[in-house]
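Step one of this worksheet: look at the structure below.
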Amino acid sequence: MNWLDISSTAFIIAFFLYCAAFIFYAVAIGGKRWSNRDPEAHNRRWGRIAFATAILGWAAHLTFFFTRWAGGGHIPTSNMYEFMTFLAMAIMFAFIIVHLIYKNNLLGAFALPLVVIIVAYASVFPSEVQPLIPALNNYWLKIHVTTAATGEAFFAVGFAAALVQLLRVVDFSRTDKKGRREQRWTEFVLFFMVIIVGFLVAVFGFRAGGYEAKFQQESVSIDQQGVEHSKVQTVEYGLPPIVKPYNSEKLSMDAFLGMKEPLFEAPSWMNGVNAGRKLNTVIWSVLSGLILYAVLRLISRKPLAARIHPYLGDIDPEDLDEISYRAIAIGFPIFTLGALIFAMIWAQIAWSRFWGWDPKEVWALITWLFYSAYLHLRLSRGWQGTRSAWLAVIGFLVVLFTLIGVNLVIAGLHSYAGA
Amino acid sequence: MIKNTKCECGHQNPVGTVLCESCGKPLDPDLPLDSPLEMRYDGAARRSQKANPAVIDRIWNFFSSVKIAIYLIVLTLIGAALGTIYPQESTFINLDDPGKYYKETYGTWGTVYHALGLSRTYESWWFIGLLVMIGTSLVICSLDRVLPLYKALSKQQVRKHQTFIDRQQTVYASELAAEPNEWIERFGKQLKRKRYKVWTDGTALLAEKNRFSRWGPYINHIGLIIFLLAVLGRGVPAWHMDKYIGVDEHQTVQIPNTNYYVQNEKFTVEYYKDEELPDKLKGTNRAKLYRTDAKLYTCTKYCNDDPLHEPELKEVEAHAIEVNSPLSYKGLNLYQYNYEERVRLIEVKPMLVDSTTGESYGPFDLPMNDPPPSVEAGPYKLTLSAVFPDFGLDAQGRPMTKTRDPNNPAFVFVVTGPGLNEKGEMYIYFPMPSGDDKAVQKQINDSFKKLGSNTGRFSFQVGKMENVSFSQYTTYLNVRVDRAMPYVWVGATISMIGLVMGFYWQHRRIWLRIDDGRLSLGAHTNKNTYGIRSEVASALGKCGVAVEPKTLDNRRSSS
């Protein structure tokens, strides 16, 4: 058994331990009102079991990381798969730190599913060890990526606490306009997370079924000397093509539920061969997310937020506000150091300029400006509590866009980290 | 109307003071009555709160507002985001007609994007204006607050007003059976063990720690200002150079507008072998290394294009330039930027072959750059009559050179010597070993023969490979001078120190007074109220007052 085999085994173990830890946290919180038990003791006991499981999961995750490092010969933070697994590991680290300060089971119940989702998302990307291209072959790869991800991980924990806070304070007895709006938006955040789970279910479901379809697109471009170049690109779909790439031909396609031809073609402005595939993935995510959400709604018989809300009674919103703020306050200097200063130093060495307005750089700056605004707003009266929690949620969406969205939607110098 | 700003404790406060500078009594009648006090800047008056502002004061007031600062941050954020929708013009090295490019590539939206100037967002007046305004706001906000805060913190009174204590975030009040002076001493000791500095005034106590963390934000702002100024300083032309040069192997090229010359001794590109690649990537060209073995020279003599002399060069630095490893010499940096695989001859040593006798003469040296006007090969003299570095034919079918780069050189020689007529014989020679070139060479020489310019007696031959020296790659180096960089790093470092000071330590203060056997305690911190509550609860507990940390929270008991 070589390093890389140990590594992938450890990764699977970590994933299942995280899932188990999440379930134990859910039991700790949801099972308090089960008969013949003291709620306090139940919460404490299961909370301890859950935390121990989470720590074990993290240990397995660390094993994955270091054995992959040994087997691959370079720090595993060089492509999307490796970065996402590292981010999940960093979120666990941030969660452990914040948990040790505030010792609250609710945080675990919301941070762990986030970690599980990110680990699963990482597995969507090809997991082979790829040797480093010259631009990445530098010790700053270790320093820049790890610190930036750690900073972002604290923002993720801040997001988890803020989400609990929103679910905690949302008032389902209100029927006025403002109250309804609050209920709707809180539900929407949960809905959004269900969509992401829907995406994962769709991808892994069809992958397990071995689904495949192939398309070919010929594009013609004219270079500066006026010479015509035609380029034939093929693209593989892992999900049944509801949408095929713009101006493309079908090479092969497995039938799915009697569907033998793509239903639509991507609009012309999505001209890349991969744009069609991405659009198709988004459509599938929304579809399976909607089905999943409908099932959950049927089981819960009321909005998901209203189903979760009653279990959050024994923590004060002020504590959640503080946890969220604290996590962000811990993360902010680390993020500044890793995502901006170290990034600038490396950019100066590798690309000859410390700042070049590359989309990834700009979005790191946007994230930083956003959290700066958050920190300054907290100085103002009326911006603590719910409003601040919303900002923490939006902030994490900005982080996610910086990490994933920029690579999927906007290409740039960081495109090697893309899918 | 002139407001009376004298507190009941006798202290005269400046206009705009929220909490008496001396005893802490709330002075502003508009403050909400039952919520904890706003403790920002310890309630001290700021310059921006001056009555009857003049023009300067109005500008000052505008920039001193945190609200304005937040608006500026948000506007910058939105502007920066808009700039990432489509690639910026600056990402293209040569874009002749940006308007056309955006229109053709991105359609109507591209046209709109370019027309709005968003394709040059980060160089636009409004974006730079926003950054300058943020800089101004940083300076003014900081000055407006740090001075009053410094004054307020350096003259704190130990015995605070009862309302001040009762309306802190963290409060505790109860009857106390113990002897007040002795109890205060015990409590003070407990706090000292938690690294507080403790002052007492009879039965009143003030404990404080980590005051320095209050300066964190201001140090951070100073760092950011230095950073922004350094970035603006990069606009000074003498401080900044950004050029791209292409250097063939074995070639030495002057760096424009400098006294430096750079030589590309050898360029190496390596790809990963199949056994180093995972299955999916096998058979692909995955780059492993780009390296230019470079030497840097300074010119010591005949530097300014002296027509008679070659410049004299002195080697000052040698470095294997790789991506991530530039050559640096006295603020001049050379970065590996790009390369091109393009075979270019540097020098050939051909023989002159006489087909009538089968005898060959030479070899003679023929450098592609600056070939000598004439060379000798055996008894013959070859005079150069025309050079085409990049041979091509014009619309009328006449020979011409497409560029000045030696991509496909051709030489026209006039051969004179024994047994030849006085005018000599004219031959064209293509040194590149390509079939096409040889065909063209033959065609042209045949037409010379028809015109009577030669007899077809001579030809050129390069025998062995060692008679050819060529460059396989052209390396492209990015030449940079950036004299503002040290200030950029200094600014970033200061900023980082400020952030760490401000976020990883919290300024904590505890006020306590005992009046007629009744103890009142108030505590304040700018961050981490959770931490100060547990410290207060633990210190109280060790002095015989058992209390749950949570119950100390004033916000909660009041809500």
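Cβ from N, Cα, C; glycine included.
Summarising the annotation, TrEMBL assigns transmembrane segment to A:6-28 (among others).
Summarising the annotation, TrEMBL assigns transmembrane segment to A:49-71 (among others).
What TrEMBL records for A:78-209 (among others) is domain 'Cytochrome c assembly protein'.
Below 8 angstroms of C-beta separation, residues 11, 18, 51, 54-55, 57-58, 61-62, 64-65, 76-77, 108, 111-112, 114-115, 118-119, 121-122, 125, 145-146, 149-150, 152-154, 156-157, 160-161, 319, 322-323, 326-327, 330-331, 403, 417 of the same chain, each at least six residues beyond the ends of the transmembrane segment (A:83-102), sit close to that stretch. Feature annotation from TrEMBL assigns transmembrane segment to A:83-102 (among others).
The annotation transmembrane segment is assigned in TrEMBL to A:107-125 (among others).
What TrEMBL lists as transmembrane segment is A:145-167 (among others).
Feature annotation from TrEMBL assigns transmembrane segment to A:188-206 (among others). Beyond the transmembrane segment (A:188-206), the same-chain residues lying 6 or more positions past its ends with a Cβ under 8 Å from any Cβ of the stretch are 113, 117, 120-121, 123-124, 163, 166, 238-240, 281, 284-293, 296, 304-305, 308, 393.
Here the transmembrane segment (A:281-299) has Cβ contacts under 8 Å with residues 191, 194-199, 201-203, 205, 239-240, 242-243 of the same chain, all six or more residues outside its ends. Summarising the annotation, TrEMBL assigns transmembrane segment to A:281-299 (among others).
As annotated by TrEMBL, domain 'Cytochrome c assembly protein' applies to A:286-414 (among others).
Per TrEMBL, the feature transmembrane segment maps to A:327-349 (among others).
If you look at the transmembrane segment (A:361-377), the same-chain residues 6 or more away from its ends with a CB under 8 A from one of its CBs are 148, 155, 328-329, 332, 335-336, 339-340, 343, 347, 355, 383, 387-388, 391-392, 394-395, 398-399, 401-402, 406. Summarising the annotation, TrEMBL assigns transmembrane segment to A:361-377 (among others).
Residues annotated as transmembrane segment in TrEMBL: A:389-413 (among others).
In summary, the transmembrane segment (A:107-125) lies against the transmembrane segment (A:6-28): three or more C-beta pairs, each 6 or more positions apart in sequence, are under 8 Å.
When Cβ-Cβ distances below 8 Å are used as the criterion, the transmembrane segment (A:389-413) is approached by residues 80, 83, 87, 152, 155-156, 158-159, 161-163, 165-166, 169, 185, 189, 278, 320-321, 324, 328, 351, 356, 358-360, 363-364, 366-367, 370-371, 373-374, 377, 419 of the same chain, each at least six residues removed from its ends. Simply put, out of A:6-28, A:49-71, A:327-349, A:327-349 has the most Cβ pairs sitting under 8 Å from the transmembrane segment (A:145-167).
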